[in-house]
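Database features (TrEMBL):
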DOMAIN    11-73  domain 'HTH tetR-type'
DNA_BIND  36-55  DNA-binding region
Amino acid sequence: MPEKKEDLRAIRTKTHLSNALLTLINSGEYQFEAITINKICEEAMVHRTTFYKHFEDKYHLLSYCIESMQQRFNQFSPKERLCQPFMCMFQAWDRQLVLTIFECFQMSEPFRDDFGRRMNQLMVADLSELLQNNEVPREIIAEIFGHAISGLALWWMRNEQRTPADKMDDYFQAVVNTSIFD
């Protein structure tokens, strides 16, 4: 059975809501936690009821934004994504979005779980492509890489993002053995 296409109006509404959220984030006027559904709807010129037809809450909308932007992240090779995750994130995503993701990572357990699950799935897929015969199961390597990335990201947030992305990748490579991909 052919996949059912999403209604163009729904796509347009989701695009307006996504753009509104990103506009509010990038304005620098609000921290993510201070952004309300009303502010998002006002910026998108959409009713609250319409928002709730498409999204459960602002974290769900943020996940949708990340999903859309992950397509740009996927343009990097699996080796680049695994060995230079910070550079890839900052080149593929808007800087404010990366900061917001890390902020939400600290504040919302459901968001952290959802984002972590997605990143883990991507890492397992990348590892499957790069590692054919490794003694350690890919799922374990993905878990270790994921925790190293999130741990470094939280450290980076606490230190007010003073460290450039390429230096963060150097720290990451010093902590985990990226030579397994050579």
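Each residue, glycine too, has its Cβ placed from N, Cα and C.
Mapped onto DSSP helix, strand and coil, the DNA-binding region (36-55) counts 15 helix, 0 strand, 5 coil. Non-local neighbours of the DNA-binding region (36-55) in the same chain are 10, 13-14, 16-17, 19-21, 23-24, 30, 61, 64; each lies 6+ residues outside the stretch with a CB under 8 Å from one of its CB atoms.
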